[in-house]
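In TrEMBL this protein carries:
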- 6-35: transmembrane segment (TRANSMEM)
- 58-406: domain 'CAF1B/HIR1 beta-propeller' (DOMAIN)
- 110-142: repeat 'WD' (REPEAT)
- 171-203: repeat 'WD' (REPEAT)
- 214-245: repeat 'WD' (REPEAT)
- 449-472: region 'Disordered' (REGION)
- 451-472: compositional bias 'Polar residues' (COMPBIAS)
- 734-932: domain 'Protein HIRA-like C-terminal' (DOMAIN)
Amino acid sequence: MLYSNVALFAFHITCFGIVHFMYRIHLLFAIIAYFFDHVRDAFPNCICVLSVFLFSGKPIFSVDIHPDGTKFATGGQGEDSGKVVIWNMAPVLREEDEKNENIPKLLCQMDNHLACVNCVRWSNNGLYLASGGDDKLVMVWKRAAFIGPSTVFGSSSKLANVEQWRCVMILRNHTGDVMDVAWSPHDVWLASCSVDNTIVIWNARKFPEIVMTLKGHTGLVKGLTWDPVGKYIASQADDHSLKVWRTMDWQMETNITKPFSECGGTTHVLRLSWSPDGQYLVSAHAMNNSGPTAQIIERDGWKTNMDFVGHRKAVTVVKFNPKIFKKKQKNGSTPKPSCPYCCCAVGSKDRSLSVWLTSLKRPLVVIHDLFDKSIMDITWTLNGLGLLVCSMDGTVAFLDFSQDELGDPLNEEEKNAIHQNIYGKSLAITMESHLSSTIIENPEMLKYQQERQGNQNPNGAQGSGPENQTPKLTNVLNGESLEDIRKNLLKKQVETRTADGRRRITPLLQPTHLACNGPAAVNSIGMKSNLLLTSASKMEPMKALDSRFTERSKATPGVTILWFHLRVKDSSSVKEPKVKDETSSDSEDKIMAKPLSMAKRKGDMEGAEVVEKRKKGRPRKDSFIRTHVMSVRIKDKTKEPSRLITPVAVLKLPTPSIQKSFSTQVSTDAIAYLEVENEVSVVSGARLSQLKWSRDGREWDTLLTSRITIATGSSDIVAVACEDRTLSVFTTCGRRLIPSIMLPAPLAALHCSGHFVMVLMASATLSVWDVQKQTALVKNESLNPILSGTDATVSQSFLTQQGVAVVSLSNGKTYCFNSSLETWNLIADKQDSLVQCADFRNCLTSQDALGSMGPLALTQGRNLSAGRLASRLSSTPHHLQQGMTLAFLENQLSSALMLLSASEYRHWLLIYARFLVNEGYEMRLRELCQDLLGPVHKSSSSSWEPTVLGLRKRDLLTEVLPVIGQNLRFQRLFTEYQDQLELLRLK
């Protein structure tokens, strides 16, 4: 049952700040009754946890969750001043933490505002908290060093603060109440709006500098939101208008008034929100046909053809989930391509909350009468699964969703790929130009920034010309651009009139806008990305949506049913096509499942052919094996038909011819020479062969009883293979180390390195020994996995100083054998497009440009092109080449690790770190730093190793940090790991 998943608890904060808990049974039954009657049809398992907090009954006008999810801030009315309170998130998320008296609920209370606080907002990096109030002030708070429990000066509360937050800046410019504040992407600017009809843009890097004061509204400005791409800021006011301003020149881009012309009365706040992909802006308090709506505004042309309909009173706040989602795959099911979609929460003066997924026809969940008064603010957790809602009645509700309900969130790289596809630049790069004015708070970071500026081109022209700018992508499908397809589809929407005069709209399914699992109530809030574009031939019409707003007049007397529909306005009237209507996601799944099941049956049949008896006639092409094949026919004594055993491929490598005499040079600290003379004499019928070694005037010789085929050596040993398949190993002084090794087959190649010996036999098997420790690293390992199915032959083989066997083939591929995994690993491929198109030239220093010495460089060539071919591919999209470069660098790093090459590992690690910093891959960069740092506290369960290939990981982190310090965007990450590294040094 639905109500079994709903837990409701509350706590009061009295005027003395004492926290205690109580159950609110009457509210619990009210919510359960509403769910049971009105929500179960829309979504049966919508909420896992619902928590309600009470704050002395004083109004709470704003709530915001910290980016790290550990705390949240509220702003509202105190006893005799404005109040900003920071709360611990742990008791909200976990019941055991709630009951634990040692875990604080309240972290800090600040009473500095002289009047009611209308808005609180955390900066994107989590370092600052901005608050605006009726005292006309904007205050910026920062956490101070902990100096023991205390109370804020002037506070009437006796409750001790667990954290210390101090006001570091007071921004004075407004002449009226401050209603809303908003940080821009990457915290470049802070915007504030007021009842003085203005919006002030503050330079967040140089407080209290004012960048611009936006004037144009003729009424109280009550809401702000930044475009996630950073190109616009939108504001909404009581003058029945929504204005969009350009951040390039701070001029008005558009003024939207039509959806708000019918609005009567007012709301305390007008909190609008931009979708995380930047394609749609949703406003508060719009009207359509005398009914309250949330207006949907398209970025493309600022069209206002759609809105959310269903709330009974004015919409006060809209908040998009920061995540973009994709349909969750069922366990064990075959992954299916699905279009991404967004999630949006809408709050109203009717005390109800609705949560929408753009992949669903109806809202995911609607909670009616959640509060006693109007909803004032909404905030999502950064992971997109938690939701805090505050009300003027002094309560805050927490809704916890699961991924089964919302879907799988896209990671930041997938999200940036969508921005790259839409705007030609990823969100991580878009704001890079704004970082030039960033205040550098860390002295070490200042040093690295100065070094970076000193290394740049003195004329400053690098990267500034139009040829260096990333062009916007042009996407074409069947000769027609995706934008033209989208516009043509909009023109084909079908409008009809019913017998009673009502309008019915049948829009066509837009795969670039809708999730693929069915029609959505908000079909244009879906992603505009063509990366996940479905086949255009499968576009089918949606069910006609009733746009009449009087639907709720049919509700049962005494029960308020909240239905939500999508209203589409101003559509042209054309004839309705006779197309079969299919809107069910199940039907689409069935259609997609058919070819999958057919493919499975086909595979089963192919597998059966191996078992069944072959028919007479010409054999199939795939039955031919290019190597030697042995077929053995066995006849049973019971006179059954003969059975053909599965053919076995026999690989054979060429062996060196036996020479009368030869010499070879061994590269050690000093050049050494090996001279071989076969059949120097015959004693008792045995043909003796002589081996002579010489270096720096010192020499020795020895006799062997069989002709010598191969001789080689290293700085420590000398190895000799003879015609009778014996292998002898000597020290560099001529002393035999071990008795002769009997090889299973003639020798094709012999290599020595240090105390390691590698033999490659004619039977295409490999063995490696450590003769000093007398252990086998590789024992008779077949080359069949790398040679079968190709015409390639072994062109080169060698042994690294760490005893890793490397084999290169004639097709340009090079493999090494990993004795721990017991696998062949591809470490180089000269035909690989990643090698040809990877472009990491801007990540190379003057020392790196010389290349590195080691086995990896030996197989690939020291002068790696570093994208010289890619530089000629002007048509290659930036995000594609970016992905290829990332994959190539990660291959290089893992290959150096597999070859146990410490110097090359360090070389490619620093290049990889520079690339991550330059391209904004924060998740990978943080993972890399965390692996190098390791656990701060010792733990017996930790599997972290402090070294890699003999290099201390924390020493490598010390080298990586200056690279991170060259990008101001990662200032917080730099400081975080620098502090932890310093803490570990002090220990």
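Positions of Cβ are set from backbone N, Cα and C atoms, glycine also.
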Tally of residues which DSSP labels helix, strand or coil - the repeat 'WD' (171-203): 3 helix, 20 strand, 10 coil
Helix, strand and coil totals (DSSP H, G, I; E, B; other) for the repeat 'WD' (214-245): 0 helix, 19 strand, 13 coil
Residue counts (helix, strand, coil, in that order) that DSSP gives for the repeat 'WD' (110-142): 0 helix, 19 strand, 14 coil
Within the predicted model, mean pLDDT of the repeat 'WD' (171-203): 94
